[in-house]
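Here is the structure we will look at.
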Amino acid sequence: MGTIASVSQGLKPGNGRRTIKEILRRPPQHWVGNGFHVYPVFANKAFTNELSPFLMFDYAKPKHFEPTSQRRGVGQHPHRGFETVSVAFQGEVEHSDSVGNRDVIGPGDVQWMTAGRGIIHEEFHSTEFAKRGGIFEFCQLWVNLPQKDKMHAPRYQPITAKDIPSARLLSEGGTESVDLGNGEVRVISGNFNGVKGAAQTFSQVEVWDVIIEKPNTLFSFPVIASNNIIVFVREGNVEVEGQTLSPQDVAITNTGGLLLNLKAVGDVGCKVLILGGEPLNEPIAARGPFVMNTQNELAQAMDDFHSGKLGK
């Protein structure tokens, strides 16, 4: 679903630029189960209010898997108190859970799962992808739920690539905006220049999948001044407010600015994820697969899981 929406090209004075607070360089990879070889790109900032409402972010860069008849992935495990956002860039992921959802997401698709009061699920490479093998690229973002929504009923949103609105990056000249092959923004959630994202969220959460095809050109993305804004680099080299990021680096910005300036540097473009969200400003109590507000709530989640109450 392509939509024409303009992103200002070039820097304009007085527009309240975002500034860089911190850059997180690419961390070491580790395996999650036997199917996801990921970079935990939030590193020691994970599960802190500094990135609220975002909790954790794992990214599996493109990797070739040989054909197999065995299952690759992660078996049944519980969650409570937050949401998982899974994006299959290449390959396929099969999901099933304790409330009856079963689905396969493929290239460009998104799975937005609300654990809420509790869910038990599993995630594997799809049976068909495992049989044929191929390139697999994937990410999973954990998004915190506001305290009032942590015990909401579990919810599953399967969002196919064709249902994600997209906006072209345009060059502005004269009285017309012209598509010169600059790139596009897939609006998974939130609002981008009037283009509303596909996912339903409990708080203000923006997930933009951005491809900049034209290198060495500065683009200014409008953002909400009070939101936390994070930039993750999937591919290519990116200049964010004068500082260069390499693949799998993260830029954390200071609040207050209304424009986020990005530029692909080098001979090719880049692929980035822009994450924006309203800080929840609530206590975070996290242990393993549970994210609550107090230690007592964590203990209750553990008790509910071990007694068989969670996920029903």
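Cβ atoms are placed via backbone N, Cα and C, with glycine included.
Under the heading domain 'Pirin N-terminal', TrEMBL lists 37-143. Residues annotated as Fe cation binding site in TrEMBL: His77, His79, His121, Glu123. Residues or ranges marked as domain 'Pirin C-terminal' in TrEMBL: 214-310.
Here the features listed in TrEMBL are placed on the structure.
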residue : record                 : Cβ contacts under 8 Å, 6 or more apart
His77   : Fe cation binding site : Ile120, His121, Glu122, Pro289
His79   : Fe cation binding site : Met113, Ala115, Gly118, Ile119, Ile120, His121, Pro289, Phe290
Glu123  : Fe cation binding site : Gly33, Gly35, Phe36, Gly73, Val74, Ser86, Val93, Glu94, His95
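His121 (Fe cation binding site) has a Cβ environment of 24 other Cβ atoms inside 10 Å.
Sitting within 8 Å of the Cβ centre of His77, His79, His121, Glu123, and not among those site residues for Fe cation, are the Cβ atoms of Val74, Gln76, Pro78, Thr84, Asp97, Ile119, Ile120, Glu122, Pro289. Model confidence over the domain 'Pirin N-terminal' (37-143) stands at 98, taken as the mean pLDDT rounded to a whole number.
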